[in-house]
Amino acid sequence: MALSDDPHASDQESDGEGLDEEQYQWLQEQLAHIGNLHIEGDEEEDEWADPSGGLLVNIFAACEEGSMDQLTTNIQELKDTQYDVNTPGPDGDTALHLACLYGHQQCAELLLQEGAKADAVNPEDGTTPLHDAAAGGYAGIVQMLLEKSGPGSVSLQDSDGDTALHNAARGGHLAVVQQLLAAGAAPSVLNSSGKTPAGESDNQEVVRALVAAAAAALGVGGTAPAAAAAAPAAAPAADTAACGASMDAQ
């Protein structure tokens, strides 16, 4: 309802004296509704309550900040509860996910020693610690995860269809791309956008490495390096090569 039916009425008092009773009541209802929306929004943000009484929140913070002293202390305290380092936070990430995401290798190593699952899957977005480490180009963490996780970890896809190789390629992290390929990552896997890892990269060295791997998977008579050198360094060309490999394999 409009506050005034008179388009020329501009001298109404701001305290409500210029409103009739029905208009004033409507305005109060709208203000109350807006206030309730803010309250509901705050409740949603605070919906996750740390079941460990604050220990998990502290552990997550330590993994984000790289605080080894805090992490060590809180892990020991957590052992006196029914929870452990694999208990996820409000967005589905475990402590190891966060340590890998922020590139804190010592924290990741400690968590693995304390029983963290190297191939834990976030139920919200399907990511693993390897996805996070690969996205950041953290080669040392990637190596640890490859040693601790099962052989299928390099093939796991998140909710967007991305493998760790997609993430590494997207970030232009050549060393990690090479690590993952050596561990058996497939260069021709398509994500939900229909792109191979090469198709997600604008780094020429990364694209060449992925095209070479795709050519090798095709068994192109030992000419994979030559094929990689001759291939255009554009992502669409890399996708075409990898998709061809996938079709031939069917």
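The backbone N, Cα and C atoms fix where each Cβ goes, and this holds for glycine too.
TrEMBL: automatically predicted annotations, no manual curation.
TrEMBL assigns the feature region 'Disordered' to one of the listed ranges (1-21, 22-42, 190-210), namely 1-21.
Remote same-chain residues near the repeat 'ANK' (125-149) are listed as 92-94, 96-97, 99-103, 105, 108-109, 112, 118-119, 156-160, 162-165, 167-168, 170-173, 175-176, 179-180, 183 (criterion: CB distance under 8 Å, separation of at least six residues from the stretch ends). Predicted-model confidence for the repeat 'ANK' (125-149) is 98, expressed as mean pLDDT.
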